Structures are given as C-alpha cells and as structure tokens.
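Q: Sharing a structure here in structure tokens format.
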Amino acid sequence: MHTLKTLVLMVFLSVFFIFVGSLIGGKQGATFALIMALGMNFFAYFFSHKIVLAMYGAKEVSEAEAPELYNIVRRLAQKAELPMPKVYIIDSEQPNAFATGRSPKHGVVAVTTGIMRILSREELEGVIGHELAHIKHRDILISTIAATIAGAISYLAQMAMWANIFGGRHDDEEGGGHPIVALLMMIIAPLIAMIIQLAISRSREYAADEDGARIAGNPLYLSNALRKLHYASQAIPMDANPGTAHMFIVNPLSGKTLMKLFSTHPPIDERIARLEAMARRY
C-alpha cells in the first residue's frame, strides 16, 4: 500500500509539473518539464540519501562504536518488522535526528551527538521509533520528490519570467497559452507547489509520531523527547540547509521569522498534545 501511494504521488507531482510547464511555455515547456521530471525523480530515487548524509558529514557507525544506539535501532527495527537500517552519527551539538533511504531495505537512521547527550534511553527510543516509522512508510522518498518538484516549479517559473522579459513570447508558434494565464501560473504555481510540499510533510510528521510511539511502546517517550528537542534546537544553532529541514524530527532552523508560518513541521505543542492524548488511551 505504501509503495502504491509513493508511486501515485510521484506521478501526480510530475504531471502537475508538466502541466505548469505547458501553461508557461506551451509544447516546448511541457517537453522540457517532462524531461526534467524524469531526471529529477531518477536522481532523487537513487542518490538523494547519499547527498544529504555527505552534506552533514554523517559517519556510519558499527555496534562496537555506538553499542547503546545500535541496540535501540536493532531492537525497534525488529519490532517494526523492518530490515536493520544503517546507523549514522552527525557531529553537531544541536540535538536532532532524521531518516533517509529510498526504501526500507536501504534505510538509514542518523542522529546528532547532541541528541545522544541530552536524551534518556527511553526518549531516544521514542525518537528512533519516529524515524523508523518514516522508513516504513517511505516518507523520505516522498518528501524528497515533493521538495524537488516544488523547487523545480519555482525554477521553471523564474526561467519563464526572464525569457518573457528578454526574449518575448511566440505563443502561436510554440502552442503556448494566453500570456496572462502564463503570467498567473508563474506567480501561483510555485505557491501551490510549496503548499503541497508542506501539507505532505506535516501530515507525515503526525503519522510518524503516532506510529513511532507504537514502535517505541510508549507515546510519552516521544512527547518528552520532542519537548527537550524543541527548546534545545532553538538555543543551539545548526548549519542546516533549508531544503533538508523537513527531514529532521524537529526543525533545525531558528524559526523566528515570518517563515515559521511555512514550516515543514507541525507546531510542536500540537504534536506533544496528540501524543499525550494517545498515552491516555493506552
């Protein structure tokens, strides 16, 4: 079921991208968008996890190097009926974690040195359960493709804008639409793409919280961890790329600007409240 959902979303986002390309650039725009969509989906599927791990200097560790962390990941992966993911550690004081990998067979769990320092074993289990839920649901692949397509739509709109400014339009020859429609799509399409990306990311965070709590065995493990991580991430800066912020369990960016309205993460208070309500039903 999760594989089917992933495929459907990939197709939907790609078709939307091609549709935007056709409205902005006619047949040539649609063709260009199709080629870009195929290339980006291929690249995101096979290489995105390697890039993000290298971006943060993550180092793979063995059981001998991080026995407690490794034991937690292995035990919870078995409980979730997942293959053992690779375990990585990021040298960063900000307590945070993320999962990556295109499928459960290629799963990776990465945690910072900071998170291992401030969380108890139970809280760390809550975090690992959350990340394993992302792997089980193939959320990382979906989020990566959504972010890639959203960025590409913005790029396509910018290209079209500069082409109109410096090159004019030849709609009759190229099969493009009305110039006003194209102009509106240049403005609206990136916003629509961003909203789709945020909706996908936020809904999947809630689902990973709930399923991760079940994997860990107690929703309060994760709710307590989130409370600590939220305040620590605000106090301890991390040199994080905004394009990968959606991958982390809590937003690694400061979030003290208007961009907080467009956060890829649901409000931390709501996440904690949901988990505490879940704990009362246990």
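Cβ coordinates are placed from backbone N, Cα and C, and glycine is handled just like the others.
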Q: Would you identify which residue of Glu205, Glu270, Glu276 Swiss-Prot lists as part of the Zn(2+) site it also attributes to His130, His134?
A: Glu205
Q: With Cβ-Cβ distance below 8 Å and at least 6 positions apart along the chain, what are the contacts of Glu205 (Zn(2+) binding site)? List them in sequence order.
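A: Non-local contacts for Glu205 (Zn(2+) binding site): His265, Pro266, Arg271.
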Q: Ten-angstrom check, please: count other Cβ atoms within 10 Å of the Cβ of His130 (Zn(2+) binding site), all chains counted.
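A: For His130 (Zn(2+) binding site), the 10 Å Cβ neighbour count is 27.
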